[in-house]
Protein chains: 2
Amino acid sequence: MSNSSSNKSQSQTKNNPDSTGHSDQTFDAIIVGAGSAGLAALREVAKRTKRFLIINDGAYGTTCARVGCMPSKLLIEAANAYHRRHTFETFGITGSNALAVDIPAVLRRVRRLRDDFVAGTVSITDELGARSVSGRAQLLSSTQVQVNGQTYSAKGIILAPGSSPILPPAMQALGARVLTTDTLFEQTTLGPRMAVIGMGPLGIEMAQALARLGVAVHGYATKEMLGGMSDPDVNAELRQALERDITLNIGAEASLHAVEGGIEVRSGAHRTVVDQVLVAIGRSPNLQGLGLATLGVPLDKHGLPPVNPKSMQVGDSPVYLAGDAHNDRPLLHEAADEGHIAGLNAMAPTPQCFERRIPLAIVFCDPNAAVVGQGFSALQRQDGLQFVTGSVNFVGQGRARAGQRNQGRLSVYADAASGCLLGAELCAPAGEHLAHLLALAVSQKLSVAQVLGMPFYHPVLEEGLRSALRDAARQLPDAVSSDLAHCGPIGALALD
Amino acid sequence: MSNSSSNKSQSQTKNNPDSTGHSDQTFDAIIVGAGSAGLAALREVAKRTKRFLIINDGAYGTTCARVGCMPSKLLIEAANAYHRRHTFETFGITGSNALAVDIPAVLRRVRRLRDDFVAGTVSITDELGARSVSGRAQLLSSTQVQVNGQTYSAKGIILAPGSSPILPPAMQALGARVLTTDTLFEQTTLGPRMAVIGMGPLGIEMAQALARLGVAVHGYATKEMLGGMSDPDVNAELRQALERDITLNIGAEASLHAVEGGIEVRSGAHRTVVDQVLVAIGRSPNLQGLGLATLGVPLDKHGLPPVNPKSMQVGDSPVYLAGDAHNDRPLLHEAADEGHIAGLNAMAPTPQCFERRIPLAIVFCDPNAAVVGQGFSALQRQDGLQFVTGSVNFVGQGRARAGQRNQGRLSVYADAASGCLLGAELCAPAGEHLAHLLALAVSQKLSVAQVLGMPFYHPVLEEGLRSALRDAARQLPDAVSSDLAHCGPIGALALD
């Protein structure tokens, strides 16, 4: 769900119970928002009842498919395919000077596949007929929702209104040159000069991808730590990787100013004129006008009610809040989990608590950056926790060298007493895959030695991860020696 | 170690204890072979004593670094980088018609990096001075080894003589046009027409890489199942992938015949003339002349003595056999484990048994093929075992589509009663990474539900693996419902 009003694929009112504007229907569940969280809730609700309603305001198709994960990855895949030409001469491939990128064509493919991904999600609500309503929902009480002038009651209400890109009014006032992800992928072309404000995961991904497509990109961040990293060594690696593609300005706030033929970005003493600016400073929950105050629970300064992250329940009410609107873990897989939990609990006699998954965050830059489980700073903040850091630099790693991908660093953190893997941060080749391997290990509370007991094929990038694990193992108390986990490196850098 | 006599980097005799040709030294351990297994054994031995000897016949540098894993991956990386041009137009990248591959330049890079990898391994023995001897070793008894006319005694002997490519005399007789991995990477150029005999992992990898470098490749296999696969669905996918690049001839034995300007390959009714033939029909242990008969244990038809795979001990003797010479698991990571075990046990008062790692085999074709844990046919052969197969096809997978890598299939096998993951076969994008994730799961005897409890980010290829796990879960008894492992797909193909 989004606050945009374009792209409505469904009529304003499919459900018109009576002419008074009041429905005599009481539903088992009402879902507000047909985004990823809402659709996940819908799946559970629809398994259990036909007496439900799903209400969506604005564009259908989920943030992820429409303006988030999917179109961004389409842009990145094209950018990285083109960028790979820099390895060609070394491999023995000639003619890369003749390669060029057609940004309008790249964007057309992004939209074409994006539309296909969106269609898959839209078809879910399209099949529901009168049970799907397009309009802006407002809570009247913990069991009543008003939409398009109609009031509906339900035993359980799931709120999954999603979020919208933050765009400060002063920036928005500058007009069409100022973009967010809502508008970025709708452009017919981009550049030749762009600024990206905000070096969170999305800002980093788009800044690097645009640069690799030939746009001159200036990136702006207020904080040293980029993309959610907290380990200084890993962050340094990520920064170095980014600075191969973009000009990075770190420290001062950036402000935008209209000038002849473009927008001037000012940050500290730095001034640059660009053609377009992508504002990527975060998203805010779509809570305005939702009527949360009617629930009678205290709202925080962001207007958020207290939500139990294990049940998604708002206070003791029959209302559940799921997805980006919760703003705790604004990630697709977490939104899907939250919708799942909310859907089950809205239909259950009493809400149940679910064990949430361990944290996993990935930045799809190259090399990929990721935080798995508990990051470095989260561990440092824990009083009395002793942990060891095992680290590897990929510069000399054999397989990475073979593929001309030998950049990056990976650090694992393990409990100094038990050897249990607590988390990892990385900016490393195939980092998205290494992060999933580590996520399984952390999920299962495995020790460093247990992970070292698995087979590592040769030559693979996972051997780099193994080097980091071995580095951690050297700092841990000895485990049983009849365990092959203690089989050490052969001693030739490129082979280990 | 290899039977090739080229590339000797050390003098014939560094150790010349006395003029009679008999040493009065008794070593704690003698290691025969300075390949991966031998070097792994050396690491453990050298930690515990300075009274050891390592003897190597022929070229130093390990099969893996010199003629195996490393040069093959260097060729593959270049081939796949070049092949990726076929995706360029769709991505929006123009000019790919101007790209060309310079095979001699590709091979020069292969050798340059290969030499660097080899140097890393050679330096290990180079630093040993008189404790490293170049020559062909022969057992005189379970405690005596003869080399270069000298006899040495040791309390423990580790045999790691390695293996050599099988090249039938009739094929060898055809001369320089007939290649094995010992000679492939030494060529100044390759093609334009080549045959690859044998579609095991190496044959598949090289056939596809050569084809992607522009060589017209004919591949020959006698059996339907390719590259170690045993699941018919996965094998069909692998076959289909290969046939996009090469002409595959399956069924009859291939024979080679010298003709004007090339070699004719005959297989059944099929005749093709090629410029070169790569024979990739396997490797045989370097056991000839090793003197295994002196151990007084029965040898099998291949000349192999009984070896305990958990201790590497030969019968009850103080002799240990490790690495490819064992021929049980001719893979680098297994050779390293076997050398590790043999090195520890040769130095121990009594040999210990080690739990071996679960099987993992990867074919670095594109998409990568792999077998993890127990393959399909191994499971089928187990009396009384009921297992379920969960499968996914990557054609519609979202991230794979974004990257134009949407080919392949992955199947997981789980115990029908316990849900425990037993193994997997796959031919899938990023298969080498998915295989490692599965290898950790199988190593830890995790259930399908336990793996589904980890976070899967979006959009990633691991979501394809999750689809296969969910497919398996649907066929398994229900687990606890408060487990997020049961969070299902959203229902839009490209998003799950």
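Every residue, even glycine, has its Cβ placed from backbone N, Cα and C.
Over in TrEMBL, the protein carries these features:
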- A:1-16: compositional bias 'Low complexity' (COMPBIAS)
- A:1-24: region 'Disordered' (REGION)
- A:28-339: domain 'FAD/NAD(P)-binding' (DOMAIN)
- A:Cys64-A:Cys69: disulfide bond (DISULFID)
- A:Lys73, A:Asp324: FAD binding site (BINDING)
- A:Gly198, A:Met199, A:Gly200, A:Pro201, A:Leu202, A:Gly203, A:Ile204, A:Glu205, A:Gly282: NAD(+) binding site (BINDING)
- A:362-467: domain 'Pyridine nucleotide-disulphide oxidoreductase dimerisation' (DOMAIN)
- A:His458: active site, proton acceptor (ACT_SITE)
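Here the features listed in TrEMBL are painted onto the structure.
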| residue | record | contacts (Cβ under 8 Å, 6+ apart) |
| --- | --- | --- |
| A:Cys64 | disulfide bond | A:Gly35, A:Ser36, A:Met70, A:Leu332, A:Ala335 |
| A:Cys69 | disulfide bond | A:Leu332 |
| A:Lys73 | FAD binding site | A:Phe364 |
| A:Gly198 | NAD(+) binding site | A:Tyr220, A:Ala221, A:Val279, A:Ala280, A:Ile281, A:Gly282 |
| A:Gly200 | NAD(+) binding site | A:Gly227, A:Gly228, A:Ala280, A:Ile281, A:Gly282 |
| A:Leu202 | NAD(+) binding site | A:Ser72, A:Thr181, A:Ala280 |
| A:Ile204 | NAD(+) binding site | A:Gly219, A:Leu226, A:Gly227, A:Leu238, A:Leu242, A:Val363, A:Cys365, A:Ala369 |
| A:Asp324 | FAD binding site | A:Gly35, A:Ala37, A:Thr63, A:Gly162, A:Ser163, A:Arg283, A:Pro285, A:Pro330, A:Ala335 |
Recorded positions near chain B, Cβ-Cβ under 8 Å, from A:Cys64, A:Lys73, A:Ile204, A:Asp324: A:Cys64, A:Lys73
Number of Cβ atoms other than its own within 10 Å, given for the residue listed as 'active site, proton acceptor': 25
Any further residue of that chain within 8 Å (Cβ to the Cβ centroid of A:Gly198, A:Met199, A:Gly200, A:Pro201, A:Leu202, A:Gly203, A:Ile204, A:Glu205, A:Gly282) of the recorded NAD(+) site: A:Val196, A:Met206, A:Ala207, A:Gly227, A:Ala280, A:Val363
A:Gly282 (NAD(+) binding site) CB neighbourhood, other CB atoms within 10 A: 14
Integer mean pLDDT for the domain 'Pyridine nucleotide-disulphide oxidoreductase dimerisation' (A:362-467): 97
Counts by DSSP class (helix H/G/I, strand E/B, coil) across the domain 'Pyridine nucleotide-disulphide oxidoreductase dimerisation' (A:362-467): 37 helix, 32 strand, 37 coil
